[in-house]
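K.L.:
As annotated in Swiss-Prot:
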TRANSMEM  30-50  transmembrane segment
DOMAIN    182-383  domain 'ABC transmembrane type-2'
TRANSMEM  233-253  transmembrane segment
TRANSMEM  308-328  transmembrane segment
TRANSMEM  337-357  transmembrane segment
TRANSMEM  365-385  transmembrane segment
TRANSMEM  405-425  transmembrane segment
DOMAIN    492-727  domain 'ABC transporter 1'
TRANSMEM  855-875  transmembrane segment
TRANSMEM  1075-1095  transmembrane segment
TRANSMEM  1106-1126  transmembrane segment
TRANSMEM  1135-1155  transmembrane segment
TRANSMEM  1174-1194  transmembrane segment
TRANSMEM  1218-1238  transmembrane segment
DOMAIN    1293-1528  domain 'ABC transporter 2'
BINDING   G1331, L1332, N1333, G1334, C1335, G1336, K1337, S1338  ATP 2 binding site
Amino acid sequence: MESIKNQLIPLLKKNWTLKGKSKIKLLLEILLPLISIGILFGILYLSMIITRDFKERPASGFAFDIAHTKQLLIGSNGGLNSDQRNILDNLKLQVSIQHPEFSNDYINRCFVEFKDIESMDEYFHDPFNYRGVMGGVWFPDDSFNGNTIKYSIRVDSDFTHDNTQQFQDREDSQIYLRHYFTQIQTGVDQAILLTNQIAIPIFATGQRFPNPYISFWEKWTDGRKLILLNTGGVFITASLFATLFTLITNIVIEKETKILEGMKTMGLNSFAYYISNSIISLITLLSSTLLVSIILSASQLVHHVKWITLILILIPYSITLLLIAFILCKFFTKSKYAGLMAFLIVLLLSGIGIIIGRFNISPTLKLLSCLFSPIAISVANYVWCYKDLIVFKEVDINVNMVNEYEIIGMLVFDIFLYILILWYLDNVITGEYGIPKKWYFFLTKNYWRKNKKSNINNNGVFDVEATSCNRNSSYNEKNFEKIEHQLERPTISIRNLRKEFKTGDGNRIAVNDLSIDMYKNRIHSFLGPNGSGKSTTLSMLTGMIEPTSGDALINGFDIRNNIDEIRKHLGVCPQSDIIWEQLTVMEHLEFYAALKGFTNSNQRKVEATKIALEVGLGEKLNAPAGTLSGGQKRKLCLAIAFIGPNSDIILIDEPTSGLDASNRRLIWDFILKYRENKTIILVSHYLEECDILSNTISIIANGELKCNGSSLFLKNRFGVGYLLTISKEHNSINNSNLTKTISDIIFNHIPKGSLLSDAGTELCFRLPNESIGNFSNLFKELDDRKKQLSIENYGISITTLEEVFLKIISNSETNPNFNQSVLNTALKTNSSGIKSYQQLKGLLIKRVKTSRKDIKSFVLSILIPILILAGGLILYKNMRTIDIYNTVTQPLILDFNVYGKSVTPVSIDKVNETMTSLFDNSIGHSDRTTLVPYDELHDYLIHHYFGVPGALYFDFRYFKNVKFLHYNVFFNKDYLHALPIYINFVDSEILRSVTGKRIQTTSLPFEHIQSPLEVASLDVNFVAIVFFIILTLASFSLIAASHAGNISHERSTRVKRLLYISGLRKSIYWLSNLIWDYLQTFILVIFLTIVIIAVDDKFRTHFDLYISGVVLFTFSIIPLSYLMSFKFSSHGKAVGAIFAIHFGVGLIFTVISFILRVWAIKENSISFQFLTDIIEYCFYAISPFFCFSKILAIVTKFPGVSRVDQSFIDYWSFHFGLLPNAILFLHCIVWITWILLIDYSSEIKGKFTISKLFSNSPIPDSNEDSDVSNERIIVKQLLDNNTNGGSGNVYPIIFNNLYKKFNSVGNYKSKIAVYNSTLAIPTGQTFGLLGLNGCGKSTTLGMISGEISPTGGKIKLNGYDLIKNRNDALTSIGYCFQFDALIGLLSAREQLELYCRIKGVDESKIKDTVNAFIQMMDLESISNSNTSGYSGGNKRKVSLSIACIGSPSILLLDEISCGVDACVKRFMWNVLMELKKNKAIILTTHSIAECQAVCDKLTIMKDGKLQALGSNQHIKDKFGSGYSIEVKFKKEYLENGVELFLQSFPSASLIDNQHALSASFELPNPPNNPIKLSSIFSNIEQSLKFILDDYSVSQTSIEQIFIKLTKNSITNIDN
């Protein structure tokens, strides 16, 4: 627990810092929950403020309404009889009394008589009549038989309620007030009373029951029932889980980039990791939770469930969501779709919870379903809504309801269950890296007791010695140094360790039964060719990959069962950088210091500062890691490995890869300083590095241990004397006769000598020990004939480690093949000319193969959209149709008995004798009424809201001095027909009290006359259409976003850039992607088309409109997504963001359009429709998703696309199908054109370049080197004479006054990367760029390749101006980036085939060319495996091969030998010597030996400026000061070796800090008294041989000159 506590604080600080670095993401995490819950409350608030009308409204007014251009239809079978006509006359009388100004003719025209009901129906439905008809009255044949007067009121069926229904909770009786029903009813009733001599003017009004939802919480009832009950759980889940979207993406990215496993290898406790992420996430998550609970409770949306109960539900639910996020992360290895998929899964579960909450299943089953917490929250949402609604009987009683406390219990149980699941999955699912435990691990004793394996003795070591285990086919006991038994026990013991990988060619053995021991205070180096198993061994020791067999002990713990204990003591610097680009150097070091044992914050800060200074990052402490150069990142990773008091086992893989000579020596000193009390395993390809640093060296080839021992042991075992290295002048490289002459001279003096290698300018000879007496004579002759033999210099040393390595590897199968015929096939197969169709073929093959290999992503990108679309189709065909108007014409007698035996409260205002008598004789006579005092009526109705259909209030009112009997009908909203029934009841009772007769009123609706909107809605399920359109937009948004993610990935990994530089036409790149992505998208289109045509005849009928729309839509959304991808560098983030934009914009535009269009139709407003058209034009122009949704709506006849002035007939008219299709076509053109304009921007700018647009390059320094100044003169003459171009191009590369300044961004200051460089490089020359990290080498190559735009200056390639004729200038260039731009899902063979087609190699030659490169680079064994699994060195081989394909005239090689072994490096030198015969090559390197071996001319750069320029010898002559003597002392002379050496060479001086046993001296060579090499060798052999293990003598080396010239560089601030 102590370790968890110690790690928790730094993890929290790291996570919080990372969260705080991205202000936008943090803001979104806070805003997204608010937006989600805000949308819910916006909808709910609208439902609350759109309240019912509670005002008193007139139910009378017949005479007033009919007089305003309205007609009343009246009739009876055979015509009106006398009684019926009396009623008609009294109706006319009412009009004439109300409007005495109207003539009788006018009044008569207001009434239309009919003799049969069919004629009345026909008249009503005539389009020319129905707008002027207020309704009709029909008298049945028995209308005046007996004591009942019968008549029927006829209005449009949509102006009444469904006569077959008596109750409903969404409508009320106000519809009868608004559409003249009650006006006709009261008018006819008044006429009947007059006919029966009852001359009481009656005025009726209607009013909804007083709102029973008095309290604020009650006002939410409608929204609570319609919205919160059905969608609340999903909204709450969405609002809370949105906070975790970033967490999921970041965790999966940490897995993907090996950062997570890197932390684990250095002791990270998984529990601490999850706890720290939980705490940081819970800060925002719980804030959102508290906010949601406060909103729900404070708004009183949730009322009967207390706030504390809400908190007790939402907090554990938030925790379960967090745990679900962690669990889902275990199943994602790529960040592409992780966040989005997790979000959809959780929302889906929450949606299922809505169904379960409402479903009448047993409480036990409901609680069991709550094991999925998103289901639980939806069930809880149902419970708290239910509690608030049951008060008003708004929901039916559910006997299977669970209570909120049971749900709280389940959520708490879920927390513990999910923790258990996470613990289990964390052990058995490790992803790509890490060792998974067996599924039954928790049942084993080893897991709980941490037992050692049986072959380990009590001292924590293996019983079997390592040497007895190494018994492979190539085993030779003499090659293994015996370990002194007095040494302490080994800290690392490896026994029979083996690892096999499955590849395209079957199983490949990476490590073959390795057995070895390592000890404290010692550095153990692994040497071997690329892919020999070195990094794989380290990965097994750190637990990143599982051994196939064998075991290893580290500090007594075995790696199979106790890896967690081992990791507490590890410091690891892997081959790839495991850093967060947002964190600073100091933040990295402080974090890992805390992770590895420093508990005091001040101590961490001091240690971090100290170690940063020692690795040369002192002034970068506060710089984000993303701004560091490649070499600086390696320094940071090395510092991370060493920091911490518990790091006593250090594993470092290529620590100085990419570092210049000066910084490399700095790192050597650092490693030696920190070696004490540590066991260090070093993997490196710098043999000098291993020689200087290592106590023990193991050489591995083909996964087998070939030898093991100290450097001296290996040299004595494999060396047979001295190594003579002769550097020839560059003009004699291909002179085989010269090589023979030099060899003859040497063999004449040393008959037993042998030629070891002839690579580039370098000749290496083996001179046996017994011939040492002949050395002086040999050196004397070489000195005398130095010019004649074209020898620049020579040196001699005792057997070097490099020689040992080359000798051992030369006997293995890993040696690259310099077969001349193979070389010619590979390097001299020229491009036959770039062909568009060939490039297109290559790119399409690439997409097919990457999709096939990443089948999970491919299936998900297709399957998920298909599933979403399938859901839309299911809803479209199966969702219940909702009628938007009432079609029921069945008659309904408006009788009080419709609502049973309910008692009606009656109130009388101003009680007097007349009113009392009227009440007693009429309504009061009924046993269905009860008298309630007026001042108590309001409260009575509120408290008796349920179960009372209506109430009555009576008083007398005056209008124009006429006294009226007024009664107000209070109607309950749930009783659909209450208002006309109560009017009938009152009027009938008044008639009965006087005549004994009753009135029977019947509602007999006309068949509904459909409006244009309703005509458009015939047989249309508009709710189903809305869901179908939404889910269709979602599916296409997702697939379009997934395609954009691929583009972002290729751009961020620079694959796209390399393709362009290799000659790919940009239009072909986009065409290939469009073709493949269109094909993939059309899988979705075909699925949609087949299904929708099969199930819906509308799509069959209008197939032309649908198919044109979906095809144009597909053609438009892909390029739009490509365009949007330019703003993203991460695949996962691109997919998530682009999906949200596509779907969100399309959905919002569609909803707005539908609302506006429906409003225009309902209001029959041409002007509003015009405004809607303008808005839609804008939507069309912005979003193709809106265009397609409109087409779907048109085909499905959605009412929201109808028009006021146009019949919905012509599907291809302008405003219907034509316009969106035309706009979609324009979208295709616009987005593709926009992409090409962006991509071709450099070419376009070049065509219209104005020289003034370029900044003037800075004026060269006054003290500029004379050779650099002379080069400016030469280049100016070349440019003035236009010496370039044509097939005979002499200078393929010319750049003049080249200048690049990076402007300041944010906190980063502006920087001049290249000051003012001028060079001309002819064909046949290899030009070397040397310089410190960050001096401008890679920037120079970037400008030459066109990747970086220069700030000023001019570049000419192959005779063409790069700015003005970009395409021609870049026609024949090969580029090898500093960081491999390889497609991880393709093998070496597949990538080479791709670039052969890109560069125009003839199809018939591709196979042979690719085979030649694979054979030449020794890649046969892995040629069919994906390059993502290659070692760094093998990746460099592939990258160099790509650059060389097609025999380009210009090669730009950036650190080509970085990370490759010595054998391959020498092979590359030979390749370069062969290549340069007809090419101009620029090589950047940190290997001085490489520069000397292959470069005809070189420059040393410092702070963007050229400091020296010329051949190797010229620079040595100009800046050197004599001879350089490098020595390695015997151990016993470590203290006084320098002093003894200076005694023998008094004029010498120590020119570099001593590194362990190695030292470098400078010996002046004055021109007036020159010293011969032979005399130096003689002096060493006679006076110093006894104190030296090794030495070499040469002219002052380029490396020493390099260190001298770059000593005060601002890019080398720490030196």
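Here the Cβ of each residue, glycine as well, is placed from N, Cα and C on the backbone.
Provide an account of the burial state, proximal residues and distances for the features listed.
P.N.:
Away from its own ends, the transmembrane segment (233-253) comes close to residues 18, 25, 28-29, 32-34, 36-37, 39-40, 259-260, 277, 281, 284-285, 288-289, 292, 314, 317-318, 321-322, 325-326, 328-329, 332-335, 338-339, 342-343, 346-347, 350-351, 353-354, 357, 374, 377-382, 1130, 1132-1133, 1136 of its chain (Cβ-Cβ under 8 Å, at least six residues beyond either end).
Residues 236-237, 240-241, 244, 247-248, 251, 274, 277-278, 281-282, 285-286, 288-290, 292-293, 296-297, 302, 338, 341-342, 345-346, 373-374, 376-377, 380, 384, 404-405, 407-408, 411-412, 414-415, 418-419, 421-422, 425 of the same chain, all 6+ positions outside the transmembrane segment (308-328), place their C-beta atoms under 8 angstroms from a C-beta of that stretch.
Only residues 6 or more beyond the boundaries of the transmembrane segment (1075-1095), in the same chain, are considered here, and those with a CB under 8 A from a CB of the stretch are 840, 844, 847-848, 851, 861-862, 865-866, 869-870, 873, 876-877, 1032, 1035-1036, 1039-1040, 1043, 1046, 1103, 1106-1107, 1110-1111, 1114-1115, 1118.
For the transmembrane segment (1135-1155), the list of distant contacts is 245, 249, 336-337, 339-340, 1026, 1029-1030, 1033-1034, 1036-1038, 1040-1042, 1044-1045, 1117, 1121, 1124-1125, 1128, 1172, 1175-1176, 1179, 1182-1183, 1185-1186, 1188-1190, 1193, 1198, 1200-1201: same-chain residues at least six beyond its ends, Cβ to Cβ under 8 Å.
Under the DSSP three-state reduction, S1338 (ATP 2 binding site) is assigned to helix.
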K.L.:
Where else in the chain does the transmembrane segment (1174-1194) make close Cβ contacts, counting only residues six or more beyond its ends and a cut-off under 8 Å?
P.N.:
1025, 1028-1029, 1032-1033, 1036-1037, 1102, 1105-1106, 1109-1110, 1113, 1116-1117, 1120, 1142-1143, 1145-1147, 1149-1150, 1152-1154, 1156, 1200-1201, 1211, 1216-1217, 1219-1221, 1223-1224, 1227
K.L.:
Please identify, from the binding-site residues G1331, G1334, G1336, the residue with the sparsest Cβ neighbourhood, meaning fewest other Cβ atoms within 10 angstroms.
P.N.:
G1334
K.L.:
Within its own chain, what residues at least 6 apart in sequence put their Cβ under 8 Å from the Cβ of K1337 (ATP 2 binding site), listed in sequence order?
P.N.:
L1329, L1330, G1331, D1454, T1484, M1501
K.L.:
Taking the Cβ of N1333 (ATP 2 binding site) as centre, how many other Cβ atoms lie within 10 Å?
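P.N.:
Other Cβ atoms within 10 Å of N1333 (ATP 2 binding site): 24.
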K.L.:
For the domain 'ABC transporter 1' (492-727), what's the model's average pLDDT?
P.N.:
86
K.L.:
Go through 337-357, 365-385, 405-425, 1218-1238 and flag the stretch with the largest number of C-beta pairs under 8 Å relative to the transmembrane segment (855-875).
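P.N.:
Looking at each of 337-357, 365-385, 405-425, 1218-1238 in turn, the most contacts to the transmembrane segment (855-875) are made by 337-357.
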K.L.:
Have a look around S1338 (ATP 2 binding site) and count the other CB atoms within 10 A of its CB, chains all included.
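P.N.:
Result for S1338 (ATP 2 binding site): 24 neighbouring Cβ atoms inside 10 Å.
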K.L.:
So, three-state DSSP: helix, strand or coil for G1331 (ATP 2 binding site)?
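P.N.:
The three-state answer is strand.
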